[in-house]
């Protein structure tokens, strides 16, 4: 960076404090986003008797669930019946250990998960889930793709902003902090868009496949981490931009006073 530190450009305690707080908020929001992407509790289904449900259908439920050919309706029905959880990258169900059609229901449960492949993230969603002849549901298709792409764009923007911030520290100047603030603001918009896309996608799915009477669905703690991350990014962006602009304005006034 071609920044040359001067005595007049040195920041006072207000700006230093604002930058420290902004950096802490940025770090926390990055950790929250990474944790939410890597965990499987964006949405959770709770059914009254998962063990009995699995025992009635034998091993076919989780065999179809983990099958590469499982369509949206197949694995969604399994999620309903077996206390399923859904993340951005994986889906999980809770089933009895070593359950067979000839054995009684077990109380010892285990969680089986399968990852969405990259092709699954971009696969078309159908107007009637599971019916390939019903036509493409464009709304759900693009919502699903955006909820996969937006978190990575958000983290990428924050990482790029961190690099600019390191450049600002090396140059002993607050001017590059404006770019860092703008990038964090854009990252916050991406995170907010991610949350909105996920909520809309879940609501549209449940209109196509309504929850059974004995099943309750709710957003999980992974989703909550993403919700908390967005305002943290906005607050960090506001502090970065405020510190840079105010410091620059005061330096300009000081320089004009010295010239006068």
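A Cβ is built for glycine as well, from the same backbone N, Cα and C atoms used for every other residue.
A quick note: this is a predicted structure, and the numbers were derived from the prediction, not measured.
When TrEMBL is compared with the stretches 125-147, 148-170, the one noted as transmembrane segment is 148-170. Take the transmembrane segment (15-35) and the stretches 148-170, 182-201, 221-244: counting Cβ pairs under 8 Å, 221-244 has the most. Listed by sequence, the residues of this chain that lie at least six past the ends of the transmembrane segment (148-170) yet keep a Cβ under 8 A from its Cβ atoms are 1, 3, 23, 26, 29-30, 33-34, 36-37, 88, 121-122, 176-177, 179-181, 183-184, 186-188, 190-191, 193-194, 197, 226, 229, 233, 240.
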